[in-house]
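Under the heading active site, proton donor/acceptor, TrEMBL lists ASP248. Under the heading substrate binding site, TrEMBL lists ARG127, ASN129, GLU147. Residues or ranges marked as domain 'SMP-30/Gluconolactonase/LRE-like region' in TrEMBL: 33-310. Marked as signal peptide by TrEMBL: 1-20.
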Amino acid sequence: MMPLGLRVFLIIGACVGVLGVSLRQLTEPGLHTEGPVWDPLTGGLYFVDIAADRLLYYDPKAGDVHGVTLDGPVSPVLVLPGGDLVVGVGRQLRRLDWAALNFSSILPLITTPEILATVEKDKPGNRFNDGNVDTLGRVWIGTMGPEPVVGQVTPDQGSLYRITVLSRSGHLNQAAPTMGQAVDVTTVLRPVSISNGLVWNREQTLMYYIDTPTRRVDVFDFNLSEGTLGARSTAFDFEANNVTGNPDGMTIDADGNLWVACFGGSQVIKVDPHRHTLLDSIAIPASQVTSVELGGPLVAGGDTLYVTSMRKGLSEDELAREPLAGAVFALTGLGVCGQRNPSCQ
(Lines of atoms letter the chains of each structure in order from A; the text may use other names.)
(Lines give C-alpha, C1' and ligand atoms only; values in the text may rest on other atoms or scores of the structure.)
Protein backbone atom coordinates (compact mmCIF):
# COMPACT_ATOMS: atom_id res chain seq x y z
CA MET A 1 0.00 0.00 0.00
CA MET A 2 1.24 3.47 -0.86
CA PRO A 3 2.24 5.52 2.24
CA LEU A 4 -0.42 7.99 3.32
CA GLY A 5 1.87 10.94 2.74
CA LEU A 6 2.15 10.06 -0.94
CA ARG A 7 -1.53 9.65 -1.63
CA VAL A 8 -2.09 12.92 -3.44
CA PHE A 9 -5.18 13.52 -5.51
CA LEU A 10 -5.34 16.37 -8.03
CA ILE A 11 -8.81 17.86 -8.17
CA ILE A 12 -9.54 19.27 -11.61
CA GLY A 13 -13.00 18.86 -13.11
CA ALA A 14 -15.05 19.27 -9.93
CA CYS A 15 -13.40 22.51 -8.83
CA VAL A 16 -14.78 25.93 -9.70
CA GLY A 17 -11.87 28.27 -10.33
CA VAL A 18 -9.36 26.45 -8.11
CA LEU A 19 -7.49 24.13 -10.47
CA GLY A 20 -4.30 24.27 -8.39
CA VAL A 21 -5.91 22.59 -5.40
CA SER A 22 -4.60 19.22 -4.24
CA LEU A 23 -6.08 16.76 -1.78
CA ARG A 24 -4.08 14.46 0.50
CA GLN A 25 -5.33 11.67 2.75
CA LEU A 26 -3.97 12.15 6.28
CA THR A 27 -5.47 9.25 8.25
CA GLU A 28 -6.81 5.79 7.78
CA PRO A 29 -10.62 5.74 7.53
CA GLY A 30 -12.54 5.96 10.78
CA LEU A 31 -16.21 5.34 11.40
CA HIS A 32 -17.30 8.97 11.81
CA THR A 33 -14.49 11.52 11.89
CA GLU A 34 -15.73 14.98 12.79
CA GLY A 35 -14.99 18.37 14.28
CA PRO A 36 -11.41 19.22 13.17
CA VAL A 37 -9.89 22.02 15.27
CA TRP A 38 -6.46 23.47 14.55
CA ASP A 39 -4.44 24.27 17.69
CA PRO A 40 -1.70 26.87 17.06
CA LEU A 41 -0.18 26.18 20.49
CA THR A 42 0.64 22.54 19.75
CA GLY A 43 0.83 22.92 15.98
CA GLY A 44 -1.58 20.07 15.37
CA LEU A 45 -5.15 19.10 14.63
CA TYR A 46 -7.68 17.76 17.11
CA PHE A 47 -10.66 15.82 15.79
CA VAL A 48 -13.03 13.09 16.95
CA ASP A 49 -14.49 9.79 15.78
CA ILE A 50 -17.98 10.00 17.24
CA ALA A 51 -19.09 6.43 16.53
CA ALA A 52 -15.86 4.98 17.94
CA ASP A 53 -15.93 7.14 21.13
CA ARG A 54 -12.49 8.46 20.16
CA LEU A 55 -10.67 11.75 20.74
CA LEU A 56 -7.79 12.13 18.27
CA TYR A 57 -4.84 14.39 17.49
CA TYR A 58 -2.91 14.61 14.23
CA ASP A 59 0.72 15.76 14.45
CA PRO A 60 1.63 17.09 10.98
CA LYS A 61 5.37 17.22 11.73
CA ALA A 62 5.59 13.52 12.54
CA GLY A 63 2.58 12.42 10.51
CA ASP A 64 1.31 10.57 13.59
CA VAL A 65 -2.22 10.23 14.92
CA HIS A 66 -2.71 9.90 18.69
CA GLY A 67 -5.99 8.63 20.06
CA VAL A 68 -7.83 7.82 23.26
CA THR A 69 -11.13 6.01 23.77
CA LEU A 70 -13.60 7.65 26.15
CA ASP A 71 -16.81 6.34 27.66
CA GLY A 72 -19.34 7.68 25.19
CA PRO A 73 -19.80 9.39 21.82
CA VAL A 74 -17.20 12.16 21.63
CA SER A 75 -18.09 15.47 19.97
CA PRO A 76 -17.04 18.19 19.75
CA VAL A 77 -13.49 18.96 20.86
CA LEU A 78 -12.77 22.66 21.35
CA VAL A 79 -9.65 24.59 22.41
CA LEU A 80 -10.08 27.08 25.27
CA PRO A 81 -7.99 30.20 25.79
CA GLY A 82 -4.81 28.94 27.41
CA GLY A 83 -4.80 25.67 25.49
CA ASP A 84 -7.00 23.37 27.58
CA LEU A 85 -9.68 21.35 25.81
CA VAL A 86 -13.38 21.03 26.35
CA VAL A 87 -14.85 17.81 25.00
CA GLY A 88 -18.44 16.73 24.64
CA VAL A 89 -18.99 13.14 25.78
CA GLY A 90 -22.62 12.25 25.32
CA ARG A 91 -24.47 15.06 27.15
CA GLN A 92 -21.49 15.95 29.37
CA LEU A 93 -19.01 18.76 28.74
CA ARG A 94 -15.59 17.90 30.15
CA ARG A 95 -12.33 19.81 30.48
CA LEU A 96 -8.90 18.24 30.07
CA ASP A 97 -5.32 19.07 29.14
CA TRP A 98 -4.44 16.15 26.91
CA ALA A 99 -1.26 17.74 25.52
CA ALA A 100 0.20 17.99 29.03
CA LEU A 101 -0.28 14.22 29.31
CA ASN A 102 1.58 13.64 26.02
CA PHE A 103 -1.65 12.63 24.25
CA SER A 104 -1.80 9.48 26.34
CA SER A 105 -3.93 6.63 25.02
CA ILE A 106 -4.73 5.60 28.59
CA LEU A 107 -6.03 9.00 29.64
CA PRO A 108 -9.06 7.65 31.59
CA LEU A 109 -6.72 5.53 33.72
CA ILE A 110 -4.39 8.35 34.74
CA THR A 111 -6.76 11.26 35.32
CA THR A 112 -10.28 11.84 36.59
CA PRO A 113 -12.49 13.69 34.10
CA GLU A 114 -13.50 17.20 35.11
CA ILE A 115 -17.18 17.49 34.25
CA LEU A 116 -18.17 21.11 33.68
CA ALA A 117 -21.81 20.57 32.80
CA THR A 118 -24.45 17.96 31.95
CA VAL A 119 -27.44 18.96 29.85
CA GLU A 120 -30.80 17.47 28.90
CA LYS A 121 -30.99 14.89 31.65
CA ASP A 122 -34.58 14.23 30.57
CA LYS A 123 -33.39 13.23 27.07
CA PRO A 124 -30.89 10.38 27.50
CA GLY A 125 -30.85 9.66 23.74
CA ASN A 126 -29.50 13.12 22.94
CA ARG A 127 -25.83 14.07 22.66
CA PHE A 128 -23.62 17.08 22.01
CA ASN A 129 -22.75 17.50 18.36
CA ASP A 130 -20.86 20.68 17.40
CA GLY A 131 -19.78 24.01 18.82
CA ASN A 132 -17.19 26.76 19.03
CA VAL A 133 -15.55 29.16 21.48
CA ASP A 134 -15.95 32.94 21.21
CA THR A 135 -13.12 35.40 21.83
CA LEU A 136 -14.17 35.81 25.47
CA GLY A 137 -13.80 32.08 26.09
CA ARG A 138 -17.50 31.19 26.25
CA VAL A 139 -18.41 27.79 24.83
CA TRP A 140 -21.29 27.71 22.34
CA ILE A 141 -22.36 24.12 21.92
CA GLY A 142 -25.43 22.35 20.60
CA THR A 143 -27.13 18.99 20.84
CA MET A 144 -29.08 16.68 18.57
CA GLY A 145 -31.73 14.05 19.08
CA PRO A 146 -31.44 10.26 18.73
CA GLU A 147 -30.27 8.89 15.37
CA PRO A 148 -31.31 5.21 15.21
CA VAL A 149 -30.46 5.13 11.49
CA VAL A 150 -27.75 7.29 9.92
CA GLY A 151 -29.40 10.40 8.58
CA GLN A 152 -32.69 9.86 10.42
CA VAL A 153 -32.53 12.07 13.50
CA THR A 154 -35.54 12.60 15.74
CA PRO A 155 -36.44 16.24 14.93
CA ASP A 156 -36.65 19.21 17.29
CA GLN A 157 -35.05 17.44 20.26
CA GLY A 158 -31.87 19.52 20.52
CA SER A 159 -30.83 22.96 21.75
CA LEU A 160 -27.97 25.42 21.46
CA TYR A 161 -26.27 26.41 24.72
CA ARG A 162 -23.89 29.10 25.90
CA ILE A 163 -21.70 27.64 28.64
CA THR A 164 -19.66 30.13 30.62
CA VAL A 165 -17.06 29.35 33.26
CA LEU A 166 -17.14 32.04 35.95
CA SER A 167 -14.44 33.12 38.34
CA ARG A 168 -15.10 33.01 42.08
CA SER A 169 -16.11 36.68 41.91
CA GLY A 170 -18.89 35.76 39.50
CA HIS A 171 -17.33 37.45 36.47
CA LEU A 172 -16.53 35.91 33.11
CA ASN A 173 -13.23 34.06 33.36
CA GLN A 174 -11.34 34.27 30.08
CA ALA A 175 -8.55 32.02 31.33
CA ALA A 176 -8.72 28.25 31.37
CA PRO A 177 -11.22 27.07 34.01
CA THR A 178 -10.08 25.31 37.15
CA MET A 179 -11.75 23.03 39.62
CA GLY A 180 -14.28 24.72 41.87
CA GLN A 181 -15.35 27.48 39.52
CA ALA A 182 -18.99 28.12 38.68
CA VAL A 183 -20.40 27.19 35.31
CA ASP A 184 -23.39 29.01 33.84
CA VAL A 185 -25.41 27.02 31.28
CA THR A 186 -27.85 29.13 29.27
CA THR A 187 -30.16 27.88 26.54
CA VAL A 188 -29.93 30.36 23.66
CA LEU A 189 -31.89 28.52 20.95
CA ARG A 190 -34.49 25.76 20.89
CA PRO A 191 -35.71 23.62 19.35
CA VAL A 192 -33.07 22.49 16.88
CA SER A 193 -32.77 19.10 15.21
CA ILE A 194 -29.02 18.76 14.49
CA SER A 195 -27.04 21.64 15.96
CA ASN A 196 -24.05 21.93 13.67
CA GLY A 197 -21.51 24.40 12.24
CA LEU A 198 -21.09 27.63 14.21
CA VAL A 199 -18.66 30.49 13.45
CA TRP A 200 -18.40 34.26 13.86
CA ASN A 201 -17.22 37.01 11.55
CA ARG A 202 -13.93 38.70 12.44
CA GLU A 203 -15.66 41.52 14.35
CA GLN A 204 -17.85 39.01 16.20
CA THR A 205 -20.94 41.01 15.32
CA LEU A 206 -22.47 38.12 13.34
CA MET A 207 -22.83 34.45 14.20
CA TYR A 208 -23.36 31.91 11.41
CA TYR A 209 -25.17 28.75 12.41
CA ILE A 210 -26.39 25.50 10.86
CA ASP A 211 -29.31 23.33 11.90
CA THR A 212 -28.66 20.63 9.30
CA PRO A 213 -32.21 19.55 8.31
CA THR A 214 -33.11 23.14 7.40
CA ARG A 215 -30.53 22.94 4.57
CA ARG A 216 -29.56 26.53 5.37
CA VAL A 217 -26.76 28.53 6.89
CA ASP A 218 -28.45 31.14 9.06
CA VAL A 219 -26.93 34.32 10.46
CA PHE A 220 -27.71 36.05 13.76
CA ASP A 221 -26.81 39.53 14.89
CA PHE A 222 -24.39 38.88 17.76
CA ASN A 223 -23.59 40.91 20.86
CA LEU A 224 -20.19 39.75 22.07
CA SER A 225 -20.13 41.58 25.39
CA GLU A 226 -23.54 40.25 26.41
CA GLY A 227 -23.24 36.88 24.65
CA THR A 228 -26.66 37.25 23.09
CA LEU A 229 -28.26 36.61 19.71
CA GLY A 230 -30.37 39.12 17.80
CA ALA A 231 -32.21 39.07 14.49
CA ARG A 232 -31.99 35.84 12.44
CA SER A 233 -31.92 35.57 8.65
CA THR A 234 -30.70 33.23 5.91
CA ALA A 235 -27.07 33.61 4.78
CA PHE A 236 -27.12 30.72 2.31
CA ASP A 237 -29.82 28.32 1.18
CA PHE A 238 -28.76 24.95 -0.22
CA GLU A 239 -32.04 24.37 -2.03
CA ALA A 240 -32.17 27.81 -3.62
CA ASN A 241 -28.62 27.37 -4.91
CA ASN A 242 -29.11 23.76 -6.10
CA VAL A 243 -26.38 22.43 -3.80
CA THR A 244 -26.25 18.66 -3.35
CA GLY A 245 -26.12 17.34 0.20
CA ASN A 246 -26.90 18.88 3.59
CA PRO A 247 -24.86 21.50 5.48
CA ASP A 248 -22.76 19.99 8.26
CA GLY A 249 -19.60 21.46 9.82
CA MET A 250 -18.34 24.89 8.79
CA THR A 251 -15.40 27.29 9.05
CA ILE A 252 -14.78 30.89 7.98
CA ASP A 253 -11.81 32.42 6.18
CA ALA A 254 -10.06 35.77 6.59
CA ASP A 255 -12.17 37.26 3.78
CA GLY A 256 -15.39 36.41 5.61
CA ASN A 257 -16.37 33.58 3.26
CA LEU A 258 -17.81 30.34 4.66
CA TRP A 259 -16.53 26.84 3.88
CA VAL A 260 -19.24 24.24 4.44
CA ALA A 261 -19.07 20.44 4.48
CA CYS A 262 -21.85 18.86 2.41
CA PHE A 263 -23.03 15.64 4.05
CA GLY A 264 -24.32 13.35 1.33
CA GLY A 265 -22.92 15.68 -1.33
CA SER A 266 -19.30 14.52 -1.77
CA GLN A 267 -18.08 18.10 -1.63
CA VAL A 268 -17.00 21.15 0.30
CA ILE A 269 -18.43 24.47 -0.83
CA LYS A 270 -17.23 28.06 -0.47
CA VAL A 271 -20.00 30.59 0.14
CA ASP A 272 -20.23 34.38 0.18
CA PRO A 273 -22.73 34.88 3.04
CA HIS A 274 -23.24 38.57 2.27
CA ARG A 275 -24.34 37.98 -1.33
CA HIS A 276 -25.86 34.56 -0.47
CA THR A 277 -23.95 33.03 -3.39
CA LEU A 278 -21.94 29.87 -4.11
CA LEU A 279 -18.32 30.70 -4.99
CA ASP A 280 -16.62 27.30 -5.32
CA SER A 281 -17.26 23.58 -5.00
CA ILE A 282 -14.49 21.06 -4.33
CA ALA A 283 -15.05 17.33 -4.73
CA ILE A 284 -14.13 15.00 -1.86
CA PRO A 285 -13.70 11.20 -2.36
CA ALA A 286 -16.33 10.50 0.30
CA SER A 287 -20.05 11.18 0.06
CA GLN A 288 -20.57 11.88 3.77
CA VAL A 289 -18.39 14.95 4.30
CA THR A 290 -18.79 16.03 7.92
CA SER A 291 -16.70 19.10 8.76
CA VAL A 292 -13.88 21.47 7.79
CA GLU A 293 -11.20 23.61 9.45
CA LEU A 294 -8.59 26.07 8.16
CA GLY A 295 -5.23 25.79 9.88
CA GLY A 296 -1.49 25.26 9.63
CA PRO A 297 1.18 24.39 9.00
CA LEU A 298 1.58 27.31 6.62
CA VAL A 299 2.10 26.29 3.01
CA ALA A 300 2.38 28.18 -0.26
CA GLY A 301 -1.09 29.24 -1.32
CA GLY A 302 -2.56 29.81 2.14
CA ASP A 303 -3.74 27.61 4.97
CA THR A 304 -4.63 23.95 4.79
CA LEU A 305 -8.32 23.08 4.78
CA TYR A 306 -8.79 19.94 6.87
CA VAL A 307 -11.81 17.84 5.92
CA THR A 308 -13.39 15.01 7.92
CA SER A 309 -15.73 12.32 6.62
CA MET A 310 -17.84 9.33 7.62
CA ARG A 311 -18.16 5.71 6.53
CA LYS A 312 -20.75 4.56 9.06
CA GLY A 313 -24.06 3.83 7.35
CA LEU A 314 -22.61 3.11 3.91
CA SER A 315 -23.52 -0.15 2.20
CA GLU A 316 -20.90 -2.63 0.97
CA ASP A 317 -21.37 -1.36 -2.58
CA GLU A 318 -20.97 2.25 -1.44
CA LEU A 319 -17.84 1.38 0.54
CA ALA A 320 -16.40 -0.29 -2.55
CA ARG A 321 -16.91 2.97 -4.44
CA GLU A 322 -15.66 5.08 -1.51
CA PRO A 323 -12.73 3.21 0.07
CA LEU A 324 -11.45 6.44 1.68
CA ALA A 325 -14.74 7.33 3.36
CA GLY A 326 -14.08 8.09 7.03
CA ALA A 327 -10.58 9.46 6.47
CA VAL A 328 -9.34 12.95 7.28
CA PHE A 329 -8.10 14.88 4.24
CA ALA A 330 -5.97 17.99 3.71
CA LEU A 331 -6.75 20.43 0.91
CA THR A 332 -3.96 22.81 -0.07
CA GLY A 333 -3.55 25.49 -2.72
CA LEU A 334 -6.86 27.19 -1.98
CA GLY A 335 -5.27 30.62 -1.61
CA VAL A 336 -7.14 31.47 1.59
CA CYS A 337 -6.32 31.72 5.29
CA GLY A 338 -8.30 31.27 8.44
CA GLN A 339 -9.20 34.26 10.57
CA ARG A 340 -6.62 33.33 13.21
CA ASN A 341 -3.71 33.26 10.77
CA PRO A 342 -1.65 36.42 11.59
CA SER A 343 -0.34 36.63 8.03
CA CYS A 344 -3.87 37.35 6.86
CA GLN A 345 -4.70 40.07 9.37
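In case you wondered, yes, glycine gets a Cβ from its N, Cα and C as well.
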Which residues, sitting 6 or more apart from GLU147 (substrate binding site) on the same chain, put a CB under 8 Å from its CB?
VAL153, THR154
By a simple count, how many Cβ atoms lie within 10 Å of the Cβ of ASN129 (substrate binding site), its own Cβ left out?
27
Report the same-chain neighbours of ARG127 (substrate binding site): residues 6+ apart in sequence with Cβ closer than 8 Å to its Cβ, ordered by sequence.
GLY72, PRO73, SER75, GLY88, GLY90, ARG91, THR143, MET144
Give the sequence-ordered set of same-chain residues, not counting ARG127, ASN129, GLU147, with Cβ within 8 Å of the centre of the Cβ atoms defining the substrate site.
ILE50, PRO73, SER75, ASN126, PHE128, THR143, MET144, GLY145, PRO146, VAL153, GLY158, ILE194
Within its own chain, what residues at least 6 apart in sequence put their Cβ under 8 Å from the Cβ of ASP248 (active site, proton donor/acceptor), listed in sequence order?
ASN196, GLY197, ILE210, THR212, VAL260, ALA261, CYS262, PHE263, VAL289, THR290, SER291
Which value in Å gives the longest Cα to Cα span across the substrate site residues ARG127, ASN129, GLU147 as recorded?
12
